[in-house]
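Listed features, source TrEMBL:
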- 413-519: domain 'TMC' (DOMAIN)
- 140-162: transmembrane segment (TRANSMEM)
- 210-229: transmembrane segment (TRANSMEM)
- 303-324: transmembrane segment (TRANSMEM)
- 344-366: transmembrane segment (TRANSMEM)
- 378-403: transmembrane segment (TRANSMEM)
- 423-443: transmembrane segment (TRANSMEM)
- 478-500: transmembrane segment (TRANSMEM)
- 523-546: transmembrane segment (TRANSMEM)
- 595-612: transmembrane segment (TRANSMEM)
Amino acid sequence: MRRRGTLKTGLLPGGNVALEKIGLTEEDVRDEIMSEEQDLVKELVTMSTRECIQAIRDLPMCMEDKKNIRNQVLASKSSKKGFLLTCSADCSEQISLSLRRCGVGLSSARQAVRLWQGTMKEIGGRFGTSVLSYFSFLKWLLMFNTISFLVNFGFITIPQLVQTSGRSPDVRFTGLELITGAGYFNQTVMYYGGYINGTKDSDFKYNMQLAYFFTIAAYLVLCGVSLIYSMARSFRRNFVLSDLSSGSAWRLLCSWDFSMVNERAVRQRKNNLRVQLKESLSEMMQTNFLPVSERMKQLGIHLCTWVVSAGLAAGSCAAIYYLCQYNLQQIKVSQNPGNLKEEASTLLLPFVVSLFNLVIPLLYSLLSKVENYSNPRFQIYVIILRNVFLKMSILSILCFHWVNNVTTNVPMCWESYVGQDLYRLVIVNFFFSIFGSFFGEFLRRIIGTRCMPSIGIPEFDIATNVLDLIYAQTLTWIGIYFSPLLPLIQMIKLFLLFYLKKVSLNRNCQPPRRSGRAAQMQTIYIALLFFPSFVGALSLVAYTVWCLTPSDSCGPFQGLNTTFEAVSLWMEDTAIISEFSWAVWIYSHMIKSELFFFLLALIFLVLIYFFWQITQGRKMLIILLKEQIINEGKDKAFLLEKLRTFQNLSLVPYHAENVHGPQYFERTYQTESDYSEGYQRGACPEEDTPPFASSALMQAMMARRQAEEEDEEY
């Protein structure tokens, strides 16, 4: 559509005298304006509603004229609809309206049933995005474990329950199994030992070996793909496409939702925007320029704190390793494995591990206060890095113990023993999370408000709580082979933990004193969940499947040298059938080939490098486009200034001919000032228009008249 605008006759200087000079009358100008408006209205009537609205917005008019054009378009459409509306058209319009209302209703219902939607908004509005990122991460992990449980329960547990229906464990349930995971649970489908490869005498045939292997393999592949996709999407949104320089302006000018009518929702949104603006401005002002002596001092403090933190992690790992050796000796000399006292003694190892995971991060938090970081987000990253080093070191010691010591020294089903250890670690870690919320937040609030006011109300420790979630999820991934139903325990734990942390946050914690933007923290959390958490768990499960010998007395893979041998035997049986020769070829030349995986890894590296280069090129293009926008603005300002100077100089003879005396020039400059003020207010001036605008309009009219005369001649 051509960009049009309405012209005002009062804009012409000198009135009818100026019109006579260019060969026009006031009636000609008025008719031209009316014809232009009618053509514009006719063109807008033929457009759709969305295109019409956008076209009216783009018109170079003031708001009053745009409203006039819109009213004419609506009146024209309503009159046309009154003549052409039929019964079928009315019915189709009603159906379309009903469908749109149904879509809006479904969208509102989906927002209403979304888990913890209102609670998340309250937390973000009161405590900021840093604290909100923890609860968003917890919710994301809950959805992740829900999918894991449904997959394992549907393809492994239900077929096993169907095959072994009517069979009950020989051990009586005492209740202690809910904490220790031993006793009654040891003979159920909770652990690896509860699954067998036999089938009942019926037409139902189900290969539990292949189901167990491929279900766990498919789930781990799904987890890896989901993590990579989530990490890439979050990285693209928070690192590649984020613009830190314009984020505050965007939030201030463009982020308000005008569809909100509820007073409580409006208040929450205002608090949320206030906290986000505070976070953005806080990070911009927290750049400290220290002298060289202060930098060297800070460097020495950082070096000492890192040495202390590494020493604490090394000491914890040594203590846990010797405790594992002690537990193994107790198993060898045990005379009655089903005794309640001996079952309770198995809680010693998870108790010590959880105690280290609770106490040492508190020491890390104290060390970070000594370091006195100016940027709160960087302080969180340092604490997270130290906690990752601690927890992954402890898990490495435990995995080494399970792979090298338990497999050779446990006389019975060693897979179920490892599954029980993982179950106890998850349960005891949950109790210590509650314990940490009570002593770390509740008691500190009591002491800070009643006994020692100088301490103050505690803040929510984001780094420690996030690392607890990553640690528990790592245990769940490791235990997916040894305890297929462990994701169910993790689901229940995360669901309860959300409400416990929410109550503790609202009652015991205060908003962060130093605000830090957390849009990029979610990406860091997912990256840590992928590496080293998921990659480490995947490595342990792959080593167990390909290298370790399964137990001879339990499990679906008893009698095989390795778990993967079940796939090899299945391929040998399938090779007899000619229809599946393609599957045998893929297994022989691709899955068992090291060269194939080497080439696959090489292709992935090339693709990663290619996309990295594309990203770098786009970043450079964005920088160049921003510089071009700045230069275009400077060019426009320069041209407008030159045009204003030229027009003022060209109008001097005209003013000298028609008006004599300095009073006219004073009135002229006063008119220009009034026009500038009116234009800034968004008004549409008519009579108080400056002479340079009038001259431009007059030149445009003369050019249009000359073009029409040339068209008539041809």
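Cβ coordinates are placed from backbone N, Cα and C, and glycine is handled just like the others.
Just so you know, TrEMBL annotations never went through curation; they're auto-generated.
Note: the stretches the transmembrane segment (378-403) and the transmembrane segment (523-546) are in contact (3+ CB pairs below 8 A, sequence gap of 6 or more).
Outside the transmembrane segment (303-324), and at least 6 residues removed from its termini, the chain residues within Cβ reach (under 8 Å) are 348-349, 352-353, 356, 360, 363-364, 367-368, 370-371, 386, 389-390, 393-394, 396-398, 401, 405.
Secondary structure of the domain 'TMC' (413-519) per DSSP (helix as H, G, I; strand as E, B; remaining residues coil): 78 helix, 2 strand, 27 coil. Here the transmembrane segment (140-162) touches the transmembrane segment (478-500). Their Cβ atoms form 3 or more pairs under 8 Å, with each pair 6 or more residues apart. Confidence over the domain 'TMC' (413-519), given as mean pLDDT on the 0 to 100 scale, stands at 86.
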